[in-house]
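Asker: Got a structure for you, written out below as structure tokens; questions coming shortly.
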Amino acid sequence: MTMAGGRRGLVAPQNTFLENIVRRSNDTNFVLGNAQIVDWPIVYSNDGFCKLSGYHRAEVMQKSSTCSFMYGELTDKDTIEKVRQTFENYEMNSFEILMYKKNRTPVWFFVKIAPIRNEQDKVVLFLCTFSDITAFKQPIEDDSCKGWGKFARLTRALTSSRGVLQQLAPSVQKGENVHKHSRLAEVLQLGSDILPQYKQEAPKTPPHIILHYCVFKTTWDWIILILTFYTAILVPYNVSFKTRQNNVAWLVVDSIVDVIFLVDIVLNFHTTFVGPAGEVISDPKLIRMNYLKTWFVIDLLSCLPYDVINAFENVDEVSAFMGDPGKIGFADQIPPPLEGRESQGISSLFSSLKVVRLLRLGRVARKLDHYIEYGAAVLVLLVCVFGLAAHWMACIWYSIGDYEIFDEDTKTIRNNSWLYQLAMDIGTPYQFNGSGSGKWEGGPSKNSVYISSLYFTMTSLTSVGFGNIAPSTDIEKIFAVAIMMIGSLLYATIFGNVTTIFQQMYANTNRYHEMLNSVRDFLKLYQVPKGLSERVMDYIVSTWSMSRGIDTEKVLQICPKDMRADICVHLNRKVFKEHPAFRLASDGCLRALAMEFQTVHCAPGDLIYHAGESVDSLCFVVSGSLEVIQDDEVVAILGKGDVFGDVFWKEATLAQSCANVRALTYCDLHVIKRDALQKVLEFYTAFSHSFSRNLILTYNLRKRIVFRKISDVKREEEERMKRKNEAPLILPPDHPVRRLFQRFRQQKEARLAAERGGRDLDDLDVEKGNVLTEHASANHSLVKASVVTVRESPATPVSFQAASTSGVPDHAKLQAPGSECLGPKGGGGDCAKRKSWARFKDACGKSEDWNKVSKAESMETLPERTKASGEATLKKTDSCDSGITKSDLRLDNVGEARSPQDRSPILAEVKHSFYPIPEQTLQATVLEVRHELKEDIKALNAKMTNIEKQLSEILRILTSRRSSQSPQELFEISRPQSPESERDIFGAS
């Protein structure tokens, strides 16, 4: 018996787009492309297109749906542009275009393009169909086509009228755009229906098809069950008791029952049924063929109007009999037996054919699983079966007594018949009417006879038997024996072993319902959301319908190893036969692989792989369809025969999935783990080479596809146009950003000037107002080149006095920013003491700047001069923290305005190397800065303490003043005061 889910079928919402396209397209060659990704990559191609183009499915995946990879030198450029425009505008169109197969053979194709929409009416896919029309086009003239002259003339004659092409596209001319959805099916030659949408939806049925599990059909089945029992009761009764249909009311009732059963036949032609795989079959053609092959003939024979035909045959006899008012009515008296035997003929034949109506019980048999779904109905049905058996036995028991009570030879009544004994017991003996009809009359009434017959059969079936009605003749005794045998069997089976029957017949069903109850309790206990709960329940029902509650692993464990391997090979035969990678595998290798395979059943919406999850299995799709989603876009649709996962045999590391793999329909996957596959490949070395060479993954989850969405491209284009149309941003001259960039530009110019000054060192001269370097005796001093930053803001001139070091007393230095302490005045004396932190910044700045200059080879040694004269007109910036010294002159202009006589002779051969600041100096500076920061922090803490004390004192004074003042004074104090008044108040306090 099947459980409720199996009877109902698999009715969860699923995306059957791929199955519908494949079913409707028949032998059409087509590909599906994603309409939301740039270049519209191919996400699915059927076997027909692969065979037509010569490419494997894995080779065309992710290539453009325009099939640009099949273009060649003879492909028309205008047609290529029209194809691209059709994709860009999401239009339906058809083209004749020349393309090239994988072996570069030119082929003429009739290409038809149609957009596929989802539930939001958004184009998500493109369906492109290809028809080979090379035979109807002029052969392509090249070196490989010599000798085709006759064929060329023939094809030119065929294509002159273009009649064949019109048959290929009866309603769509070349280049014609079709905008009406109703013509989509006609364009693509997929039938009269509109192309399905790419969305998840519940199984739909045509308007004239009835679901077998709907409320109406369930109610109708119960009505048919009741009428079937009505037929099973009345047909044997009417045949045994030879009841004529002289009662118009009963004739009308029987006719209505016949009409209802005829209507049931019509409904069966429009009622869905459950297929062998658990799917709901709603195709009208399949429904009709299935019913015609199974129960149609039996149902038709059981519905013929035998009562109506019999009534017309006996109309004269019934009228004559009803016209005699002295006769006993047939409702109360048994019809004369002799008269019934004398009037045999067509009427008796049709009366006997009423038994054919018992074939209606077949309806109960084939729909028994509908009724036993309810526990109380099972017990009622069993009791009804027992009572129906007793009723049939009672009718047969009366027929035996009616046949033996009259002796045909002597025209007398047999005294040993049970009917004669019953007539004598109840006081209604039989009497012979010699003066009238000359027939036997009287006897027990029909009701008494039926009740007595049923009483006898029930006592016999239950093995009770009181003996007040007992068989006397041989036939009666034989029948009594048969009744007792049947009764013992029925009694023991139905009543004695009801519990055993339920356990044996419904063990799987009980286990199924127990599992469902456990799952329901679990979902209710943990308050699982409704959507997820429905998915869980649907998955359990679908899995049970596929496995029928059989634990495959448990069964395989019972079998020995050799038998278990044979069973596994049989279970995975589809994978081994469909994929060429297993063709060269030996029997032992196949058996080893089959032992490692696992069968996985997936419900619609299940995620087989999540993005970022480890890919540790190789999956073969046996049935159903799946979609691969990367960045919320469908990048591939996988169907029967596809393989996805990772190339474990080529990669040493475990891969992470770059996309989600989600089931669109109910799917059956054959999965093998990574470690198990590698173990088999390591053992069977010869097979491993063939396997790695021939197995082509339809989609490799390790690789991430790089694409750009059309929506992103359009958005970027809109932003670019928006920026282009916007007015440029204008910053005022005194804007901080503009000043910052101006400072960077000036510093760059100063560095370039320093470099040029180093290169022109031989001609260097010092202009008026700059510091001069003199040459004294034989001692030479290194003069530092300064990088001077010039700002637009006016600077305060600061006089500078060159300080002589102990080592070089007669030399002056051109001071760099921050290199020396500058006094506020130009006179002699010591420089004011500067902060250690400023000196540390100056030292670091000098170290970095001088190193850069040294690396750029822009620092040149300056020769010694004989005299030191003049002063450098240096300026200090008005910045309070930078301390950068500025000059009105630039180093690249040094020496240009000086006269030759003012210049000192340059000793080119005397060079002084530059040495950066020693590390000990930096360390000392850092320690000094650290000590100074500690002192500053202590000073700040002391100031904060003083401020807190002052605030506390102020609060205390305010509190005391408030407590000592009147409300009027408080009101006056609360008024706003000027800053001067506030200072006066606080000062006074």
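Cβ atoms here come from the backbone N, Cα and C positions, even for glycine.
The domain 'PAC' annotation in Swiss-Prot covers 93-145 and rests on sequence analysis. According to Swiss-Prot, the feature region 'CAD (involved in subunit assembly)' maps to 924-964, an assignment based on similarity to another entry. The annotation motif 'Selectivity filter' is assigned in Swiss-Prot to 463-468. Here Swiss-Prot flags 1-220, 270-290, 369-377, 499-989 as topological domain 'Cytoplasmic', drawing on similarity to another entry. According to Swiss-Prot, the topological domain 'Extracellular' annotation covers 242-248, 310-345, 400-448, 471-477.
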Asker: Mean pLDDT, the topological domain 'Cytoplasmic' (1-220)?
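Answerer: For the topological domain 'Cytoplasmic' (1-220), the model's average pLDDT rounds to 73.
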Asker: By a Cβ-Cβ criterion of under 8 Å, what residues six or more beyond either terminus of the topological domain 'Extracellular' (471-477) are in contact with it?
Answerer: 397, 400-401, 404, 414, 416-418, 421
Asker: Could you break down the residues of the topological domain 'Cytoplasmic' (270-290) into DSSP helix, strand and coil, giving a count for each?
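Answerer: DSSP classes over the topological domain 'Cytoplasmic' (270-290) add up to 7 helix, 6 strand, 8 coil.
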Asker: I'd like the per-state residue tally for the region 'CAD (involved in subunit assembly)' (924-964) from DSSP, helix first, then strand, then coil.
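Answerer: Counting residues by DSSP class gives 41 helix, 0 strand, 0 coil.
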